[in-house]
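Some features that Swiss-Prot has for this protein:
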type: BINDING; residues: Cys10, Cys13, Cys29, Cys33; note: Zn(2+) binding site
type: COMPBIAS; residues: 55-65; note: compositional bias 'Acidic residues'
type: REGION; residues: 45-65; note: region 'Disordered'
Amino acid sequence: MTKKLTIVKCPRCGTDVEWGEQSPHRPFCSKQCQMIDFGEWADEEKAIPGAPDMSDSDGWSEDQY
């Protein structure tokens, strides 16, 4: 039985990466690409879209919800 090889693109640089145990940083091609991406999330350069945070300055009250 032939095992199917899955190839994905590194989300940081676009390099082809084999999806499997031989690629410990998957989906990234390297530790460097993984850490650059992590830094972008930590610096809030990347975010998952959603509703804005509610804070006291937004005029929020418990009566609204």
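Every residue, even glycine, has its Cβ placed from backbone N, Cα and C.
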Cβ contacts of Cys33 (Zn(2+) binding site) (under 8 Å, same chain, 6 or more positions away): Cys10, Pro11, Arg12, Cys13, Thr15, His25
Environment of Cys10, Cys13, Cys29, Cys33, the listed Zn(2+) site - residues of the same chain whose CB lies within 8 A of the CB centroid: Pro11, Arg12, Gly14, Thr15, Val17, Phe28, Ser30, Gln32
In the chain carrying Cys29 (Zn(2+) binding site), residues 6 or more apart in sequence that have Cβ under 8 angstroms from it: Cys10, Arg12, Cys13, Thr15, Asp16, Val17, Ser23
Where Cys33 (Zn(2+) binding site) falls in three-state DSSP terms: helix
Among Cys10, Cys13, which are binding-site residues, the residue with the most C-beta atoms within 10 angstroms of its C-beta: Cys10
